[in-house]
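**Q** Below is a structure I'd like to ask you about.
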Protein chains: 2
Amino acid sequence: MMNTNQVIKAPTGSELTCKGWQQEAAMRMLMNNLDPQVAENPDELVVYGGIGKAARNWESFHKIIATLKKLENDETLIVQSGKPVAVFKTHDHAPRVLIANSNIVPSWANWNHFYKLESEGLMMYGQMTAGSWIYIGAQGILQGTYLSFVEAGKKAFGSTDLSGRLILTGGMGGMSGAQPLAGKMAGAVTLVVEVERKRIERKINEGYCDYLVTDIDEALQLVNKYRQKREAVSIGLVGNCADVFPAIYEKGIVPDIVTDQTSAHDPINGYIPNGMCFEQALVLRKKDPKAYEEKAKATMGVHVQAMLDFQASGSEVFDYGNNIRAYAKETGVENAFDFPGFVPAYIRPLFCEGKGPFRWAALSGDPEDIYRTDRLVKEMFAEDESLVKWINMAQKMIQWQGLPSRICWLGYGDRHRFALEVNKLVATGEIKAPIVFGRDHLDSGSVASPNRETEGMKDGSDAVSDWPILNALLNTAGGASWVSVHHGGGVGMGYSQHAGQVIVADGTKEAAEKIKRVLITDPGMGVARHVDAGYDIAIETAKEKGIYIPMMDSEV
Amino acid sequence: MMNTNQVIKAPTGSELTCKGWQQEAAMRMLMNNLDPQVAENPDELVVYGGIGKAARNWESFHKIIATLKKLENDETLIVQSGKPVAVFKTHDHAPRVLIANSNIVPSWANWNHFYKLESEGLMMYGQMTAGSWIYIGAQGILQGTYLSFVEAGKKAFGSTDLSGRLILTGGMGGMSGAQPLAGKMAGAVTLVVEVERKRIERKINEGYCDYLVTDIDEALQLVNKYRQKREAVSIGLVGNCADVFPAIYEKGIVPDIVTDQTSAHDPINGYIPNGMCFEQALVLRKKDPKAYEEKAKATMGVHVQAMLDFQASGSEVFDYGNNIRAYAKETGVENAFDFPGFVPAYIRPLFCEGKGPFRWAALSGDPEDIYRTDRLVKEMFAEDESLVKWINMAQKMIQWQGLPSRICWLGYGDRHRFALEVNKLVATGEIKAPIVFGRDHLDSGSVASPNRETEGMKDGSDAVSDWPILNALLNTAGGASWVSVHHGGGVGMGYSQHAGQVIVADGTKEAAEKIKRVLITDPGMGVARHVDAGYDIAIETAKEKGIYIPMMDSEV
Ligand SMILES: NC(=O)c1ccc[n+]([C@@H]2O[C@H](COP(=O)([O-])OP(=O)(O)OC[C@H]3O[C@@H](n4cnc5c(N)ncnc54)[C@H](O)[C@@H]3O)[C@@H](O)[C@H]2O)c1
Ligand SMILES: NC(=O)c1ccc[n+]([C@@H]2O[C@H](COP(=O)([O-])OP(=O)(O)OC[C@H]3O[C@@H](n4cnc5c(N)ncnc54)[C@H](O)[C@@H]3O)[C@@H](O)[C@H]2O)c1
């Protein structure tokens, strides 16, 4: 089942190898997810986020590709946890691929049952954009991380200027690897603790991180030097957070912002326990998963306790979406939830306007196509200073990984207007091949995750997961190119349900129609979800933009 | 919020009051679900199966109706747990309504959290066809119950002739009320224990049950008399199963078939504990739900133990889909799962061919329209003796409830062929108004429920719920008139996820196109699901009928 001799790279250029651009896009984006520049561990089909995979196994991968190649423009391929299970005739305004990953009936929805199913070849972990073929590398999370840091600063010290400030965090993997660069973009000194040396090396090669150090004191000397100079810099420190965080605390240092993005969502195949070296941990994981799980959870307890200590000393502390508080609480850290998740703390107001991690990729493979879209963003949204600033920084600081792409948080109304303009540029040939528009499942209306995206909803509806399902059904009705429904992304098995969608702008009139439907309804469901929960910003947005909410209509 | 003064009846006839027949059909079927002839407790919007509701509350109900009345033919109404939350523009081949009911993120997916959400007005329990507007009264379950009894007989004593045999079961409510008539149709003497007298009276009025008795010995005398005469008859005995089953066992009587369909899926608002009279139970339920729940579960333990005792004495015993074994096991009946569920025991082979509880209703309100479809069934499937027999019995024995309707288990290939012919009869006016085609969520490819529909799957994939989600996405892609995704139906919160679809034959060319897609893909997903699990009958069906399964194609 191993793919020892094959490096996956998406074809580029404007020649079709499938029977239509939607199939071609699905194929290229699946392959792009496994591009060694993009994926964390392509040999095992792992894209990011612990064991988030793009296909169940290599046999399934090849069958998906082969099926996409012969799929007609009125057919739909059905993918169940990374395996192609059927093709049915639908119609040209229906999605070309429908995907469901890692969904388990609730009473069985835990990691143990998942791993049982996985070991029997019946399931894979789809994370969010791994199994739905719209991961675009570290950039995908970069803008969100940057926004969170800026908002945390704004809240903590009333200023978006983070120069001279220290951010302390953990994890430099697939998504967490965005942290050093995001912190730097925000102007801070960023210290990231990562247990696996190789991960830091990779981020240095990619230009996401400036320094690698192995010693706490050396790290703190660098921190001091750059804080004094008020110079933005990022430092990767090889170590376990549960060792390093308490050590820094003991020294009396109080970072301005403390968070964590280690793979704590998965205490068996993600998070690394302390009290042993990295290699020993890998051996224990294989030999005795039960013992490993216990040690990992205990380590999270220590890790979270240190974060609570920092909070008590005045740091702005938040959970960065890996569910570490829940596992720490399990091991007895009763007040683990004393620090908030990043969504209620900083992101929800954006969700109320339908804003979230929108992104696009150029199927041509040509960076010039993305630069053209960058110019379009700056033209169309010239009055949005921070967005223009974002595009300028992104161009300067982000290296391409796989197909050139751009992350850009746009909200209801802007997404479809922008995509329609891009579709025109594809039609005229100014952009050389179709552009693929997608988003994270962490978005305005596409996720229920009570320890993360829907933590602390105003009306108490955190755990209601009707919403992501309706989002997926509606995007299917609207004619997205592919639609997915996942369970367990971000925070692990049992803790979330969420949906994704991707839509292809191939320059045709049909694509424009689909864009006009899907890129309105997709963020529109986000606004509606927050209207229902009683958020004023969402209610205002719905009124202003004319989103029809029956319960707000006094005339019917 | 109570609807004290209003009786809901669907409009009938061939005049449109909405802007299209799909909206009209959704409206009439929602209203039909709450018709007092159809619903168990229409004042509280309860349709069947414990607290399975058609709309969140009366305000939501009226808003749904008002919104459907003005909904355009290219718009889609979004319904979240019985409340209309948004309308978006889609297109004419998309569903008119998308529904998600009772979905909860798995770690919170239990009755306690559900009731918390419900009490805060955030959720309702949709059961299966209650919240998806395609319940057709007791008939909906009648054929399935009949088939199960016949199959149980075949397995136990190698004959489909049940004359002189005794079936002992519990429950005479919404769906369980089909048991006395189904047992009679199968030729047996059927003794049904039901704790609420009124329920039995209702079934007698409806012609579903022959006798009401209040005394065990009187019941057993009737049983003996009719077994000796080999005459089919049904008897309702007022009592609690946990009292009556052991008492019958103590008398040394061994029924041929033993099962149960009390509302055990809900230990708080469904099942009635023993050791107190029915009215006392209702008081306790209000006063101390926690104590009630414990007593209810303990009662289930006694109830299941009696079923196990019958099994040990030679009865054919099966669980009839209310999850009573799981709750009994919780209270310490370790071997509760020693008797099987009815699906692995009798129904799965039918699922492998895409067969399941297909049904249709006549929007005209005119029984003649259903009689016309009955004739069509007998013409088109003349070679299928048992189907013809079923239609003949149904015509004779089933009273109409609300809109005239027919249940008829058809499989892959037959459903769409039949519906296309009906669509033609609607077009010519021979059938006076459109016909609505739907099915139970308990169907071939639309449910994951490890203690019921997916119990004991060949490959161990019982808890994999990617399948019902894919089913809903695909039916949405194909253009069903309304599509729904629910959680907790049948077996209660945490134990199931499932999907429904309804499609309207209004005689148009567009309806024919949609029928050709949806009534192929819907049972097609059922065949594909069982192919994936390795069932030979499903693999044969896929080959024979040309369902495309990529992993079976050696050429790609
Ligand atoms: N909130 C968000 O928007 C958001 C975004 C991205 C990721 N996440 C969450 O962050 C987590 C990480 O995602 P990822 O894609 O980077 O996963 P990943 O597995 O690629 O990277 C995690 C990194 O953490 C390191 N690590 C594990 N245990 C450690 C420990 N005890 N001390 C120090 N380092 C340790 C691992 O070596 C790895 O490099 C996931 O839980 C994910 O769901 C949240
Ligand atoms: N397998 C299937 O196809 C299938 C079909 C229908 C219903 N069911 C299941 O059967 C159950 C009943 O469904 P319903 O629609 O009839 O519900 P319902 O609530 O309308 O009826 C249940 C009946 O059981 C009675 N009852 C409760 N506790 C009792 C006890 N201890 N002794 C005797 N009677 C008792 C109630 O008074 C009520 O009349 C549900 O769990 C449902 O999911 C399964």
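Each residue, glycine too, has its Cβ placed from N, Cα and C.
According to TrEMBL, the record shows the following:
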type	residues	note
DOMAIN	B:8-134	domain 'Urocanase N-terminal'
BINDING	B:GLY49, B:GLY50, B:GLN127, B:GLU194, B:ARG199, B:GLN261, B:THR262, B:SER263, B:ALA264, B:HIS265, B:TYR271, B:ILE272, B:TYR320, B:GLY490	NAD(+) binding site
DOMAIN	B:137-346	domain 'Urocanase Rossmann-like'
DOMAIN	B:349-543	domain 'Urocanase C-terminal'
ACT_SITE	B:CYS408	active site
**Q** Over the span of the domain 'Urocanase N-terminal' (B:8-134), count residues by DSSP class, listing helix, strand and coil in order.
**A** 41 helix, 25 strand, 61 coil
**Q** Please give me the CB contact count at 10 A for B:TYR271 (NAD(+) binding site), counting all chains in the structure.
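**A** Other Cβ atoms within 10 Å of B:TYR271 (NAD(+) binding site): 30.
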**Q** Do me a favour and check the Cα-Cα span between B:GLN127 (NAD(+) binding site) and the residue listed as 'active site'; whole Å is fine.
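**A** The separation of the Cα atoms works out to 21 Å.
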**Q** Which of the recorded positions B:GLN127, B:TYR320, B:CYS408 have a Cβ less than 6 Å from any atom of ligand 2?
**A** B:TYR320
**Q** With NAD(+) as the bound species and B:GLY49, B:GLY50, B:GLN127, B:GLU194, B:ARG199, B:GLN261, B:THR262, B:SER263, B:ALA264, B:HIS265, B:TYR271, B:ILE272, B:TYR320, B:GLY490 as its recorded binding residues, calculate the greatest Cα-Cα distance and give it in Å as a whole number.
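**A** Looking at B:GLY49, B:GLY50, B:GLN127, B:GLU194, B:ARG199, B:GLN261, B:THR262, B:SER263, B:ALA264, B:HIS265, B:TYR271, B:ILE272, B:TYR320, B:GLY490 as a set, their Cα atoms extend up to 21 Å apart.
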**Q** Distance check, please: Cα of B:ALA264 (NAD(+) binding site) against Cα of B:CYS408 (active site), rounded to an integer number of angstrom.
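**A** Per the Cα atoms, B:ALA264 (NAD(+) binding site) and B:CYS408 (active site) stand 27 Å apart.
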**Q** Give the three-state DSSP assignment (helix, strand or coil) for B:ARG199 (NAD(+) binding site).
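**A** For B:ARG199 (NAD(+) binding site) - judged by DSSP and reduced to three states - the answer is helix.
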**Q** Provide, as an integer number of angstrom, the distance between the C-alpha atoms of B:ARG199 (NAD(+) binding site) and the residue listed as 'active site'.
**A** 26
**Q** Let me spell it out: for each of the recorded positions (B:GLN127, B:CYS408), count the other Cβ atoms within 10 Å of that residue's Cβ, using every protein chain shown. Which one has the most?
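**A** The most densely surrounded of these recorded positions is B:GLN127.
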**Q** Relative to the Cβ position of B:TYR320 (NAD(+) binding site), how many further Cβ atoms are located within 10 Å?
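**A** I get 22 for this one.
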**Q** Non-local Cβ contacts of B:GLY49 (NAD(+) binding site) (under 8 Å, 6 or more apart, same chain)?
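**A** For B:GLY49 (NAD(+) binding site), the qualifying residues are B:GLN127, B:MET128, B:ALA130, B:GLY173, B:GLY174, B:MET175, B:SER263, B:HIS265, B:GLY489, B:GLY490.
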**Q** B:CYS408 (active site) to B:THR262 (NAD(+) binding site): how many Å between their Cα atoms?
**A** 24
**Q** Measuring CB to CB from B:THR262 (NAD(+) binding site), give everything in the same chain under 8 Å that is also at least six residues away in sequence.
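**A** In sequence order, the residues whose Cβ lies under 8 Å from that of B:THR262 (NAD(+) binding site) (at least 6 apart) are B:GLY170, B:GLY171, B:GLY173, B:SER176, B:VAL195, B:CYS241, B:GLY270, B:TYR271, B:ILE272, B:HIS303, B:ASN322, B:ILE324.
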**Q** Using a 10 Å cut-off on CB atoms, tell me which of the binding-site residues B:ARG199, B:ALA264 is the least crowded.
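**A** Comparing Cβ neighbours within 10 Å for the binding-site residues B:ARG199, B:ALA264, B:ARG199 has the fewest.
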